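Here the structure comes first, spelled out in structure tokens, and everything after it is commentary.
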């Protein structure tokens, strides 16, 4: 990504979550543990899905890709956030700031489309079970994943040029733990109304639209499973509950931040922490604790690993 901006500002100062060094030390310990667990948890899901023949299904293929996105989403800024907690002055370069913004919206866009793809997968599995393997074949699954990355790239690449070429000639303090469009663009020296419209139209409306589509899809699925057997209903509802929980946890903060991106919301930076640091660790917990197949496969994989170590 080429940065063409010739502003006087060469770096941004991040205020972080608190000015208390004691609290920052506690956050350093907490975020470090969360980050390590997030990476290991999502990595465990990926390894389990792609090394277990029983999980060679469209749903788990998409879940494995979602775990990769979550692991990457947790890594685009969190390591620097953790290191900054040990510093008095939290500084990020101009290029580094907009790289964070680009990656945030790229990965956020990919996750949105993946969640819609997972909803489509559940719709076909429950509403059209006889045609499931025909519709959700390997080519379709790969196409859904590739499409999610292309749309994520389009989503991020569309709005970045408008922001990166704004003139930043003075204020450079960002009231957050990392860079994001609403907080950075409001520091520009010119009227940013057009950029505000672009952000609301691109990030806000897309987030809200995807969320509504997902709610409608899962509502239709819940209506359909009423006609299933009690056993089928229980399994389907358990899976759907996990999916819906992830959708709400991810889209809730995004909609709040980007539908009203330039309001003075003191909670914005805490919401940013939630969907970039907390949500990626909740996804593997939600999907594994409510999924017997995943838990059984993880135990088998662990036993195989332990046995292989004992043999050597």
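Note: Cβ is positioned from N, Cα and C throughout, glycine not excepted.
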According to Swiss-Prot, which stretch among 170-189, 270-289 corresponds to the feature transmembrane segment? 270-289
Transmembrane segment per Swiss-Prot sits at which of 140-158, 292-310? 140-158
Candidate set 65, 264, residue annotated N-linked glycosylation site in Swiss-Prot: 264
Would Swiss-Prot put residue 133 and residue 22 on one side of the membrane? no
Hey, which bits of the same chain come close to the topological domain 'Extracellular' (159-195), Cβ under 8 Å, at least six residues off its ends? 1, 3-5, 7-9, 11-17, 77, 80-81, 84, 92, 94, 96-98, 100-102, 104-105, 202-203, 257-258, 261-262, 268-269, 272-273, 276
Segment-level pLDDT (mean, integer) for the topological domain 'Cytoplasmic' (121-139): 91
Compile a sequence-ordered list of residues in the same chain as residue 189 (disulfide bond), six or more apart from it, whose Cβ lies below 8 A from its Cβ; state 'none' when nothing qualifies. 166, 167, 168, 169, 170
For a three-state summary based on DSSP, what are the helix, strand and coil counts in the topological domain 'Extracellular' (159-195)? 14 helix, 2 strand, 21 coil
Please report the number of other Cβ atoms within 10 Å of the Cβ of residue 97 (disulfide bond). 24
Do the transmembrane segment (26-49) and the transmembrane segment (270-289) come together with 3 or more C-beta pairs under 8 Å, pairs six or more apart in sequence? yes
The topological domain 'Extracellular' (80-100) resolves under DSSP into 12 helix, 4 strand, 5 coil
